Amino acid sequence: MKMMSTRALALGAAAVLAFAAATAHAQRCGEQGSNMECPNNLCCSQYGYCGMGGDYCGKGCQNGACYTSKRCGTQAGGKTCPNNHCCSQWGYCGFGAEYCGAGCQGGPCRADIKCGSQAGGKLCPNNLCCSQWGYCGLGSEFCGEGCQGGACSTDKPCGKAAGGKVCTNNYCCSKWGSCGIGPGYCGAGCQSGGCDGVFAEAIAANSTLVAE
């Protein structure tokens, strides 16, 4: 009995340590993370962690592709979604496969716009990412590995701590030396890139590069 209790305690301690380690390496954001925004338009949860899904994009979501209860599409007289969200086949605004996948009525639908090498080098509108499969959108599957153009993600350091390196895609180099978008990167202390709202202007300018 004593041996079982000791083993149970050991397993419990290991689980706690593993959870703590995972939490320590999770990217912080929002109020809990110096008002930093998440990369790739990931959602910042009410607890200040970046991710996708209901736990991050649902109730309390602080920034990124937060879910909304707004109606859109044919179910709402043809209304479109704010913040470049997708309008699902059921007429709700959001982000992810259930909104941007089959039946998507508007926004950065996955099969809506082709780009990159699969489309003769065409660029995506509004600085959306062109995925390795040649479709425009936002999120890690579009802006992560294999991204061909647009606001592709980068984990590269920048600024003084990185020998004066600048961020790609006109991303802002924060005062902490990391690339990203939003007040935490482009606001006070921004070292280079689209500081103080210049990024928004760059996106607007890039929107003229829509493929016909």
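Here the Cβ of each residue, glycine as well, is placed from N, Cα and C on the backbone.
If you go by Swiss-Prot, CYS104 shares a disulfide bond with CYS109, out of CYS93, CYS109. In Swiss-Prot, the cysteine linked to CYS100 by a disulfide bond, out of CYS86, CYS87, CYS115, is CYS86.
The disulfide entry in Swiss-Prot for CYS136 points, among CYS124, CYS147, CYS152, CYS158, to CYS124.
Distance from the CA of CYS173 (disulfide bond) to the CA of CYS167 (disulfide bond) is 6 Å. Cβ neighbour count for SER88 (substrate binding site): 27 (other Cβ atoms within 10 Å of its Cβ, all protein chains included). Within the same chain, the residues at least 6 positions away from CYS124 (disulfide bond) whose Cβ sits under 8 Å from its Cβ are ILE113, CYS115, CYS130, CYS136, GLY149, GLY150, listed in sequence order.
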